[in-house]
C-alpha cells in the first residue's frame, strides 16, 4: 500500500468537510498515531485521554473504540476518524465520549519548554486574540504600526509576536482597569526599533501592572513575553492574558455597578451577603434567576458541563429578549443550538468571541467570558425604583462599602501578588472567614510560623472550626515575630466579617512583609557597599 493510501477516504466522507478541515484532521490524526502505523490504537487513545486529565481502564477505552470500529479490527483508521468528527459536527458531545475527547484534544497544543511539556488551548488563544482585536481596535498606535488587527488563524496566530515588546499587554491592562499604566512610561518605537533594554522595561512594566490589578504572575518574567515562541512560553503568556481579560469582563459585575442585582437575593439573605459574592458566583446566580423565571427546573453550578448542551443559554436569552432568541432552538442538535445562541447574542449586540464548539465542548473560561459579556450588555433585570433602593438601604450600604473598598482592594491585590498556591482572594472579608487563607498569608509572610497540625482544613462548614482557625491567626499575630497590635480583635471578628478589624489585621501583615523586604534589600545593598569600600 502506498504511504498516503492509508489516509484515503471515500468522496462522500470527504465532502462533509472543507479542505482546511480535512488537512487539520489529518494533522491531528498523525499526531495521535505516534508509531505512524496509519491507525490509532487503544494505547494511543488512552494517552490522549491522560493528556486531557481523564483516567480510563483498557476495557473502557476498547468500549469507546468499538462504537466507531466499523471493520472490527480494534483500532481507528483515518476513515473511521472522519466519521467520528462528522458525528460530532452534527450532534456535539451527545455522540459519545470519544467524539467529545477528540474534538477537545484537537484544540490543545503541547509545547516542550525547559521545565517539561506544557499545553495551551488553540481555541482560547484564538478567542482572546479576537477579543483584543475588538477592544483595542481604535488604538492609534497599534493600528498604525500594523500590530492590529492580529491574525486569528491557528497557523499564523498573531498574538505571540505582538506581545514581544510589552506595549500590547500594557494597553490591554489599561482597557481592563483604566490608567493602571501611565503610557508616558512606555518605550515606543519611533524612527528606530526598540533596543533589548527598552523592550525589557516595557515587559517588566506590563507584568508589574498585571500584578497591580490582581493577576497572579509569579512565574512570568519579561523574557517569557519577549521570546514567547522561541522559549515555548505560550502557556504562560496566555495565562496572563486570560487573567487580564477576566478582570476586564468581571469588573462591572457588582452591586455598586448594577444595583438591580439585589433582585437575585435569596430568602433570608441580606445585601451584605451579595456584596461578599465573587463575580463568578453572581453570574451563576443570575443564570439560575432567569432559568427559574422561564419555568425551567434546570439549575447551573459551573461554566463547563452544565452549559455544554446549550439549553440554558436558549432559555436565558429567551427570557432577556424573546424576539432575538426563539425557544424552537431547544429542538435542535447541540451544535446547531449553540450556533443559534451565538447568532442571537450577536443580534443582541453582545461583543462575543465564543464559538459554537466552545459551548459544546464545555470550555469553562470561554463560557464564563460569554456569560459576563451577556450580563454586561443585557442583564435583563428591572431597574430599582428609588423607593425600593431606600427601602432596601442600597445607597447607605454602598456608601459604607465605598469607604473601605480602596483599602480592601489594595490589600486584596497585595495578597494575590504573593503567589500562594491555591489562594486567590476575591473579597478580603469573605475569604478570611474560615481562617485558612489568612493562615496561608501569615505562613508566607513568616515562613514556618504556622503549625498546620493545629489548623482545621476539613469540616469547615462548622462555625466553631472556622472560629478556631481565626483565633489561631490572632494568636500568631500577637506573638513574636509579628507582634501586631490586636487589642480588641478576636477570631470571631474576622469570622463575622468585621470590616474595620479584618482590615486592621491584614494591613499589619502587609506592613510587616514590606518592612522585612526592605530590610533584606538594605542588607544586600550594605553588603555590596561594604565589599567595595
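For all residues, glycine too, the Cβ spot is worked out from N, Cα and C.
According to TrEMBL, the protein carries these features:
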- 20-55: domain 'EF-hand' (DOMAIN)
- 56-91: domain 'EF-hand' (DOMAIN)
- 122-249: domain 'Calponin-homology (CH)' (DOMAIN)
- 277-379: domain 'Calponin-homology (CH)' (DOMAIN)
- 405-514: domain 'Calponin-homology (CH)' (DOMAIN)
Residue counts (helix, strand, coil, in that order) that DSSP gives for the domain 'Calponin-homology (CH)' (277-379): 63 helix, 0 strand, 40 coil
Ranked first among 20-55, 56-91, 277-379, 405-514 for CB pairs under 8 angstroms with the domain 'Calponin-homology (CH)' (122-249): 277-379
The domain 'EF-hand' (56-91) - residue tally per DSSP class, helix then strand then coil: 23 helix, 2 strand, 11 coil
Average pLDDT across the domain 'Calponin-homology (CH)' (405-514), rounded to a whole number: 92
DSSP helix/strand/coil residue counts for the domain 'Calponin-homology (CH)' (405-514): 67 helix, 0 strand, 43 coil
DSSP residue counts for the domain 'Calponin-homology (CH)' (122-249), split into helix, strand and coil: 77 helix, 0 strand, 51 coil
Secondary structure composition of the domain 'EF-hand' (20-55) [DSSP: H/G/I, E/B, coil]: 23 helix, 2 strand, 11 coil
